[in-house]
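According to TrEMBL:
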BINDING   A:L9, A:D84, A:G87, A:S112, A:I113, A:L163  S-adenosyl-L-methionine binding site
COMPBIAS  A:214-225  compositional bias 'Basic and acidic residues'
DOMAIN    A:1-166  domain 'Tetrapyrrole methylase'
REGION    A:205-239  region 'Disordered'
There are 2 protein chains.
Amino acid sequence: MFYVIGLGLSDEKDITVKGLEAVKKSERVYLESYTSILMVDKERLEAFYERPVITATRELVELEADEILKDADKVDVSFLVVGDPLGATTHTDLLLRARAQGIPTQTIHNASIMTALGSTGLQLYNFGQTLSMVFYTENWKPDSWFDKLEENLKIGVHTLVLLDIKVREQSEENMARGRLIYEPPRFMGPKQAFEQILYTEAARHQQLSDEDNKEGQNGDTKEGEGEGESGQEVERKESLLPPDKTLAISLSRIGTPTQRLISGTLEELAQVSEEEFGGPLHSLVIVGKRLHALEFEFAGKFAIGGEQGAWWKVGQEVYGVERETFN
Amino acid sequence: MFYVIGLGLSDEKDITVKGLEAVKKSERVYLESYTSILMVDKERLEAFYERPVITATRELVELEADEILKDADKVDVSFLVVGDPLGATTHTDLLLRARAQGIPTQTIHNASIMTALGSTGLQLYNFGQTLSMVFYTENWKPDSWFDKLEENLKIGVHTLVLLDIKVREQSEENMARGRLIYEPPRFMGPKQAFEQILYTEAARHQQLSDEDNKEGQNGDTKEGEGEGESGQEVERKESLLPPDKTLAISLSRIGTPTQRLISGTLEELAQVSEEEFGGPLHSLVIVGKRLHALEFEFAGKFAIGGEQGAWWKVGQEVYGVERETFN
């Protein structure tokens with residue numbers, strides 16, 4: 001049997017009882033190491049499983065899948081993935097290959113950030129498509145995520161934004177010299193993510209304003225714009241994502257003992273220091289206009305500035321949520 | 001400590017090791033019994049936990065939350081929820097109450113249908129907002145889900161549809177006589193769900209056609225309609241959900257040994273018998289137009305009619321996906 005087993009979010013004990021039983025009877029145990037990381041070392045997994053764990057790099061999974069699947073029709077092989085194992089097509093590909101070879105497969109599900117984000121108090125039902133944000137560089141600032149975010153914002157649903165991680169990067173020098181030496185892993189923090197969001201929002205807004213000016217000269221207007229509710233100054237083109245009037249939440253180390261959530265406006269969150277957010281992993285949520293009272297109240301417990309924070313003002317005045325009392 | 005613990009999807013062994021440790025040291029263990037069900041009896045949980053399990057009805061949770069939270073600042077109390085515990089605000093409300101009373105809380109996450117639907121081969125990232133469909137009756141056919149579905153379809157993202165369950169229903173007679181006798185639980189099957197979808201699609205289409213005829217008389221047309229790609233007959237008003245040109249997938253007993261997926265057009269799926277889908281729990285997915293090749297291929301493994309099924313024709317001709325070879 002080829003088992004694909006989710007490990008959940010935090011440590012060795014987040015595996016399910018069923019998953020642990022499968023691992024313990026497996027002849028080989030692989031740990032997928034390039035789409036996410038667990039918050040504990042591989043050694044701790046090995047001690048808990050009483051089994052050696054083989055690190056499965058992207059090269060191994062993509063180029064030598066048959067090595068992983070070898071003999072899985074005769075013996076048990078486990079492939080461990082942080083979170084839920086089927087979030088990304090990376091691993092569905094492995095399952096397709098197994099089936100093509102007549103190998104029986106079993107998936108053992110687990111928690112993922114996509115359900116654990118319920119910790120924000122926002123309802124999972126109210127989330128739209130999920131975005132991924134990569135590290136911007138001097139010359140490369142891919143912003144197609146912004147179009148998807150706008151699609152969600154127009155509907156009014158919330159948006160989960162997953163932040164880039166870089167593992168097994170080579171420096172330019174090591175790559176040029178053909179040395180297989182890798183840089184330490186890098187994880188995008190919320191500060192950088194919020195700054196990138198503000199950067200692209202400003203760039204897109206600039207672009208829209210330019211287009212608008214052109215259209216204005218032609219006596220033409222774009223339908224459906226300039227009708228928003230967020231009360232922008234007249235000289236500024238209406239944005240779906242005004243930094244001082246958009247609520248967001250940072251999610252750090254969800255499901256771990258040091259879990260930290262911070263809620264506020266985009267503008268406020270971009271001012272929070274990296275130290276305040278703390279270590280990886282992080283993701284964030286942009287709050288949609290369909291926010292309702294209980295979501296507002298729960299997520300407000302993490303608001304910058306507490307009861308006096310901009311969270312409450314923007315939620316009531318811009319999002320139109322009324323505060324209720326829960327006791 | 002007040003623990004809120006996800007049980008996952010299938011049986012007693014889907015709890016995490018961390019969750020099981022918390023249950024075993026808890027003085028009282030509650031099982032939330034009204035938003036979902038586990039596929040095994042409470043007795044099996046009790047035997048596995050070596051602990052009595054108290055069934056938490058909606059009345060208990062909503063009206064006597066303080067009884068559940070009692071002494072949780074001094075002893076450990078576990079509140080078990082099928083799936084991931086924070087999917088619905090029902091349980092965030094309980095956490096808010098605990099915090100208001102100064103009781104420390106810990107959430108132990110687990111798999112939910114929202115991540116396990118990766119078993120379809122569709123990427124979680126490509127899902128929009130989630131819908132819930134209730135049992136239609138003669139006089140009550142609430143169809144606000146259709147507006148949300150259309151929002152998702154316009155963007156091209158996939159849609160998870162959760163199907164109604166009814167537990168602790170009283171017959172009219174028992175209710176009139178004040179007898180606390182409850183009917184056996186009911187779980188909506190995919191057949192009924194697909195029929196309801198076709199019913200509402202037809203009703204909405206009829207409504208649109210009527211409006212269109214009225215507008216036609218006024219020499220007026222609605223912008224943005226009649227531009228779809230699905231090649232409807234001209235006499236039929238363009239629908240975002242043409243039954244013979246929309247792909248969908250039924251998900252039955254996900255995460256259990258009898259898990260069953262069936263993919264096809266809406267029209268085909270509505271023809272499948274209840275027996276074919278099998279027992280509860282079920283949900284379904286409406287496939288969005290952004291379907292890509294690997295998703296198409298993986299979900300096609302479950303297609304009605306196999307390689308000759310309408311799945312492949314509609315996917316290529318309507319959704320515009322090209323088939324790739326995976327080996």
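Here the Cβ of each residue, glycine as well, is placed from N, Cα and C on the backbone.
What TrEMBL says about a protein is an automatic prediction, not a curated fact.
Counting every protein chain shown, 34 other Cβ atoms lie within 10 Å of the Cβ of A:D84 (S-adenosyl-L-methionine binding site). Using a Cβ-Cβ cut-off of under 8 Å to chain B, the binding-site residues A:D84, A:I113, A:L163 reduce to A:D84.
Averaged across the domain 'Tetrapyrrole methylase' (A:1-166), pLDDT for the predicted model comes to 92.
Burial estimate for the binding-site residues (A:L9, A:S112, A:I113, A:L163): highest at A:S112, by number of other CB atoms within 10 Å.
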